[in-house]
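A.B. asks: Please see the structure below; I have some questions.
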Amino acid sequence: MPTRNMPLTKNPVESPDHEQELVLTVQYVADKTDIPNRRLFRKWVKAALSKPAEVVIRIVDRQEGEILNRDFRGKSSATNVLTFVYDDDVPLLGDIVLCAPVICNEAQQQGKDLTAHYAHLTIHGILHLQGYDHIRDEDAVVMESLETEIITRLGYPDPYVIQH
């Protein structure tokens, strides 16, 4: 897993956000075109958190996404979101890696609004950080229900309904 004290690449653009219940750092190491701003990431993270946390959200390009997915999951391609949990105590400590090109391609292919898709995957990562998973069917139902509840409360459409 990446270490919290070492950036994965040189010179990321960091946007630290300090508040008592959430310390959020957003690292933009991919092209920032069409990537939501720190204010939106903060809103989405806070909506999904159930306890204090220190979170780094890192937006990466396809190459870094492929390297991380290969090194930590044994997969040969980039994925949309990876979550690295460092501590399940309070505050939670973890990193969420979002692969910008994968997210953009998925949104286009699925007919989803790009911002809504970023919101969904950020919420998905935060739920993983809190111990939720979707390996077993019954766990997937719980996690997807929570994702849907949170994202619709924020005014976005249900991410599991196919958009036409």
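Please read every residue number as a count from 1 along the shown chain.
Quick reminder: no glycine exception, Cβ is built from N, Cα and C everywhere.
Values in this document were obtained by computation on a predicted structure and should not be read as measured data.
Okay, so Swiss-Prot annotates it like this:
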BINDING   HIS124, HIS128, HIS134  Zn(2+) binding site
A.B. asks: Just going by other Cβ atoms within 10 Å, which of the binding-site residues HIS124, HIS134 has the emptiest spot?
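C.D. replies: With the binding-site residues HIS124, HIS134, fewest surrounding Cβ atoms within 10 Å: HIS134.
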A.B. asks: Starting from the Cβ of HIS128 (Zn(2+) binding site), draw a 10 Å sphere and report how many other Cβ atoms land inside it.
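C.D. replies: The answer is 19.
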A.B. asks: In DSSP terms, helix, strand or coil for HIS128 (Zn(2+) binding site)?
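C.D. replies: It is helical.
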A.B. asks: Suppose the Zn(2+) site is HIS124, HIS128, HIS134. Which further residues of the same chain have a Cβ inside 8 angstroms of that site's Cβ centroid?
C.D. replies: VAL81, THR83, GLY125, LEU127, TYR132, ASP133, MET143, GLU147
A.B. asks: In three-state terms from DSSP, label HIS134 (Zn(2+) binding site) for me.
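C.D. replies: DSSP assigns HIS134 (Zn(2+) binding site) to coil.
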